[in-house]
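K.L.:
My questions all concern the structure below.
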């Protein structure tokens, strides 16, 4: 049981304020000294002394017990350079989704609590439940898949190819340096409908391959497995059916923990027999390609299990399609892959980075899985009043984790990122020409040109030119008394500093011509 007098060690924001190496007691003078360490926003808070105990720190109480004006733990703000980078990343993903014929949808950020519960296995405890205020019992969405299934059932949709990019929420332990947050974007692509086996599944894997290849974030591997193979394997190894869901959640930790620790959890915490767990261990350490599939189809025990045999036959078909797509070099059939979510019924997959490209001398960033998904043929039926099923398969791109890699690379290379798309700066070289600037910039805006000007009546020309260099604006449209008299605008190239007079009526067309890709 946690001692109520002990609080966690201070976060980064508190470390300079609360030295944990010194002991605290009830001495009022000492409390006053410590109170003087507080920054201005904390002076209205009270400091409660605690007995001298290892790891104890002073407790701030009152309305300012936590620093104001900071985002909640596991969330963050994005400044303009980050949003520019995120926009590029999302643009690549959306372009791929559209290339494959997907249409966009959106669903509410909150759902009925009852709808979300018991859909995620052991991960249901990570759902953010909203406070009961006397109305509907609500929770924040954990992913985009369950709301999509609800959407299909409610609207009686039986055939759709959709993508959805939105934020989801998980009451997890954040690791923000590795792209693990409590609020984060998911980018989902799903195919719903009754189709021939493994064709949509193969396309989802092709999409993962296309996106990760185009982003050039490093060498990657797409692991694939099938829930039917897993369940059949558990059955022949003597794992009770009641333990299948929790078994998958535990097995899912193999990418973070060695088999010995996973085995210990299965036996010690899950109550499984050591003999059954050891039989599972013989299978889950296997991985390969078509050769492994053929080997398991000949396995005397696994091949006799109906579920496992169906899964292996579909896996063989999947690899035949992936061979035609030319991507089997990046795909591995891995029997340790479980994906702990409750709703998967068939093929499952997960993309992981093998190593980081190190072109800029930066340290490696470990982010784990960067994409995952699978087949969930029974989920829609859970929401349909008549239990009608709609077969579905999809993939989710781990955009935040990929963003962490690209952001780290950008910082290491000291790349300067343009945060706006401004094409031209409207400037004046003399005083009393604000009206001329306002009129010219209005003409450019009306012509569809992205233009800026300084919000000063008489800014110095040097400051206007310097602003362009600092922000990456490529062109400057200079209008002075001579230009007004001659009906021209002086167009300056910021990079080369070359200037040329352009007839005013041709200015917009000239800007477009110069900036055409």
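Cβ atoms here come from the backbone N, Cα and C positions, even for glycine.
Found this in TrEMBL, in case it helps:
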BINDING   143, 144, 145, 170, 186, 190, 339, 343, 344  L-histidine binding site
DOMAIN    73-429  domain 'Aminoacyl-transfer RNA synthetases class-II family profile'
REGION    1-26  region 'Disordered'
K.L.:
Averaged over the domain 'Aminoacyl-transfer RNA synthetases class-II family profile' (73-429), what pLDDT does the prediction give?
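P.N.:
Here the predicted model's pLDDT, averaged over the domain 'Aminoacyl-transfer RNA synthetases class-II family profile' (73-429), is 90.
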K.L.:
Out of 145, 186, which of the binding-site residues is least crowded by other Cβ atoms within 10 Å?
P.N.:
186
K.L.:
Report the same-chain neighbours of residue 143 (L-histidine binding site): residues 6+ apart in sequence with Cβ closer than 8 Å to its Cβ, ordered by sequence.
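P.N.:
Spatial neighbours, sequence-distant, of residue 143 (L-histidine binding site): 120, 168, 186, 188, 396.
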K.L.:
What whole-number distance in angstrom separates the two most remote CA atoms of the L-histidine-binding residues 143, 144, 145, 170, 186, 190, 339, 343, 344?
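P.N.:
Those residues reach a largest Cα separation of 21 Å.
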K.L.:
Taking DSSP three-state, what's residue 186 (L-histidine binding site) in: helix, strand or coil?
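P.N.:
DSSP call for residue 186 (L-histidine binding site): strand.
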K.L.:
If I restrict to non-local contacts, at least six residues apart, and a C-beta distance under 8 angstroms, what lies near residue 344 (L-histidine binding site) in its own chain?
P.N.:
227, 374, 375, 376
K.L.:
For a quick check of packing: other C-beta atoms within 10 Å of the C-beta of residue 339 (L-histidine binding site), how many?
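P.N.:
Around the Cβ of residue 339 (L-histidine binding site), 22 other Cβ atoms lie within 10 Å.
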